[in-house]
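Novice: Encoded as structure tokens, here's the structure I'll be asking about.
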Amino acid sequence: MHRHILILFLFGCLSADQRLSSTSISSMNGFSTTRKCEHITIPMCKNLDYNQTVFPNLLGHTTQSEAGPAIAQFNPLIKVKCSEDIRLFLCTVYAPVCTVLEKPIQPCRELCLSAKNGCESLMKKFGFQWPDQLDCNKFPVTDLCVGKNSSESSNSKNYRSSNDVTFGVSTIANEVVLSPKKCPHHMHTTSGSHFSLPLLSGRLPECSLTCEADNQVPMMFDGRVRRILRIWTAAWSVACFVCSLFTLVTFLVDLSRFAYPVRPILYLAFCYLAISTVYMIGVVGEDGFACGTYGSTPTTLVTQGGENVGCSALAVVHYFFFMSSCAWWLVLCLAWFLAANLKWGAESIAALSPYFHAMCWGVPAVLSVTVLVTNSVDGDVFTGICSVGNLNPSALVYFFFTPIVVSLALGAVLLVCGIWSMIRIRSYIKLQHADVERNISKLEKLMLRIGAFAIMYSLPTAMNAAIMWYQAVNMPAWLEGWLHHRCVRLQDRELFGFTYPVDDCPMDPKVAAPEIIVFLLKYVSQLVVGITCAIWVVSSKTLSSYHKAYLALSSRSPTVPAHVDQVNMR
């Protein structure tokens, strides 16, 4: 709040300063030659790569005492570090570098644009525009000028990386939009505006990640590790598919046995049957869905947006059924709560089933449409599927992480209340005299099964949410670090088509790449619940249900009439 007040005060001062400044950048041709260098005394401009300035400056201020209050108005922008170059840019305007040249050296247009791109969006939030007196078109492009300061950039990058890891705000928002020219030629896309890469320095539009695995400078994992991830996912998806199918068949064989409050497990199993099918299709399809050719070169890039119909279909199915599983988990906890705390019967809970279905299928459908409209679909090069938020931290947090956490939290509250009620019922039964041990034993078994299933669902789902948050916060740093190493390697500059100098390469945030165990746990946590559902239905009653179903089918088989047998014997 205090920061916002400071920024509002800054912008009010800026408006007044624009009216007071009558000397433009272009009027410096009449710059006086009777001048001398003086030591910088303006606090904001101390400890830069230069310590001597000259006046009048580029805005017409004749002394440092006059320029000091004017540049001090920008202190809030410096403090929030909206741009890595804002401090250097302002100082080269208000306290220009003193040299042996006749005129003071102006800041380069690139330096101005870097400062403007970082801070203009913040100014617009408060209803102000970038000051006309600092119009970047007034500054030179190729003449002698002050460019980016590498040490300043490094310090600012380190600050931004630390801020992102701590709070996850700048990483997830990524409001700064970089120039598309920063994207290497072989990663540049021509298929639409929905392609972009989230970097620590901002969002890089019209750009996508290469799909090819590389062992020299891998994007997180090399080819060998990617194969391990693909095999790992295939094994767990097959196991999840088999167990989910077994659960579905078990329910359908004797549906009356699984009334509410346990009926939602049927729909949970159906959701994970669909999720496992998506992963198996991704394994079989290799990179046909997650990757494609979207630029002017034959380089395969990660699919983003809804252009690839197959990719979009996989992503929607994966997202829809994952959100439905979260909703059915919440309904399962609610049904247990109604049965244990409010003493509702199975018929009373079943009467609410139309509302349960409307919520569990309707809300995910709305979210799935939103995902498509916002182009939040992209490919996962490690599994071959398409899903939400692999290269989009905002989508991963808003569409995946948040619903999972909300459903887990609400479900946990309902579950704890239900279990507490069962504990009270157990204490009450102990006071009875008829068949006490038998009743207590049945209740304890039910409590044990409910608690075990809740743990086997909650732990993997919570782990999945934690890994998603970890991925969303660190993905911009991983991408920027990978792009930095590609940019500075001479053999990669030509291979990828970097068109700007090495000095302009992205800074290395020095964030360690994730361990393979993180992504192994990510994929298993999305599939293991399907196996958990099968554990719930495994019992002696299940064997009895299958035996009865077999006998029922056998009794329907056609029998040979007796007189036909007699004829054949003759």
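Glycine residues also receive a Cβ, built from the backbone N, Cα and C atoms like all the rest.
These numbers come from a predicted model, not from an experiment.
According to Swiss-Prot, the record shows the following:
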type	residues	note
DISULFID	Cys37-Cys98	disulfide bond
DISULFID	Cys45-Cys91	disulfide bond
DISULFID	Cys82-Cys119	disulfide bond
DISULFID	Cys108-Cys145	disulfide bond
DISULFID	Cys112-Cys136	disulfide bond
CARBOHYD	Asn51	N-linked glycosylation site
CARBOHYD	Asn149	N-linked glycosylation site
TOPO_DOM	17-230	topological domain 'Extracellular'
TOPO_DOM	286-319	topological domain 'Extracellular'
TOPO_DOM	370-395	topological domain 'Extracellular'
TOPO_DOM	471-515	topological domain 'Extracellular'
TRANSMEM	231-251	transmembrane segment
TRANSMEM	265-285	transmembrane segment
TRANSMEM	320-340	transmembrane segment
TRANSMEM	349-369	transmembrane segment
TRANSMEM	396-416	transmembrane segment
TRANSMEM	450-470	transmembrane segment
TRANSMEM	516-536	transmembrane segment
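What's the neighbourhood like for each of these?
Specialist: In three-state terms derived from DSSP, Cys37 (disulfide bond) belongs to neither a helical nor a strand segment and is classed as coil.
Cβ environment of Cys91 (disulfide bond): Ile42, Met44, Cys45, Leu48, Ile71 lie under 8 Å away, each six or more residues apart in the same chain.
In the three-state DSSP classification, Cys119 (disulfide bond) falls within a helix. In the shown protein chains, 23 other C-beta atoms lie within 10 A of the C-beta of Cys119 (disulfide bond).
According to DSSP, Cys145 (disulfide bond) is assigned to a strand segment. Summarising the environment of Cys145 (disulfide bond), the number of other Cβ atoms within 10 Å of its Cβ, over all protein chains shown, is 18.
Of all Cβ atoms in the shown protein chains, 23 besides its own fall within 10 Å of the Cβ of Cys112 (disulfide bond). Cys112 (disulfide bond) falls within a helical segment according to DSSP.
In this view, Asn51 (N-linked glycosylation site) is surrounded by 14 other Cβ atoms within 10 Å of its Cβ, with every protein chain counted. According to its DSSP assignment, Asn51 (N-linked glycosylation site) is coil.
Tertiary neighbourhood of the topological domain 'Extracellular' (286-319): same-chain residues 185-192, 194-196, 208-212, 274-275, 277-278, 364, 367-368, 371-372, 375, 377-381, 383-388, 390-391, 399-400, 497, selected by CB-CB distance under 8 Å and a gap of 6+ residues from either end.
Remote same-chain residues near the topological domain 'Extracellular' (370-395) are listed as 171-174, 194, 197-198, 208-209, 211, 213, 221, 226, 229-230, 233, 278-279, 281-283, 285-291, 302-306, 308, 310-312, 314-316, 318-319, 468, 471-473, 475-476, 479, 519, 523 (criterion: CB distance under 8 Å, separation of at least six residues from the stretch ends).
In the topological domain 'Extracellular' (471-515), helix, strand and coil residues by DSSP number 28 helix, 0 strand, 17 coil.
The list of residues near the transmembrane segment (349-369) in space but at least 6 beyond its ends in sequence, with Cβ under 8 angstroms from a Cβ of it, reads 259-261, 263-264, 267, 316, 319-321, 323-324, 327-328, 331, 335, 338-339, 399, 403.
Long-range Cβ contacts of the transmembrane segment (396-416) within its own chain (Cβ-Cβ under 8 Å, at least 6 residues beyond either end) map to 168, 172, 319, 322-323, 326-327, 329-330, 332-334, 336-337, 367, 370-371, 376, 388-390, 450, 454, 458, 461-462, 464-465, 468-469, 471-472.
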Novice: Please give the sequence-distant neighbours of the transmembrane segment (516-536): residues at least 6 beyond its ends with Cβ less than 8 Å from one of its Cβ atoms.
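Specialist: Hits for the transmembrane segment (516-536): 221, 225, 228-229, 232-233, 236-237, 239-241, 243-244, 246-247, 262, 265, 268-269, 272-273, 275-276, 279, 322, 325, 382-383, 449, 453, 456-457, 460-461, 463-464, 467-468, 470-471.
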Novice: Measuring CA to CA, name the entry from the disulfide-bonded residues Cys82, Cys112, Cys119, Cys136 that ends up nearest Asn51 (N-linked glycosylation site).
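Specialist: Checking each of Cys82, Cys112, Cys119, Cys136 against Asn51 (N-linked glycosylation site), the shortest Cα distance is to Cys112.
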Novice: Sorry to bug you, but what's the C-alpha spacing from Cys145 (disulfide bond) to Cys119 (disulfide bond), rounded to the closest Å?
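Specialist: Answer for this pair: 21 Å between alpha carbons.
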Novice: Could you give me three numbers for the topological domain 'Extracellular' (370-395), the DSSP helix, strand and coil residue counts?
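Specialist: Split by secondary structure, the topological domain 'Extracellular' (370-395) comes out as 7 helix, 6 strand, 13 coil.
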Novice: Taking the Cβ of Cys108 (disulfide bond) as the centre, count every other Cβ atom within 10 Å, in any protein chain shown.
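Specialist: There are 22 such Cβ atoms around Cys108 (disulfide bond).
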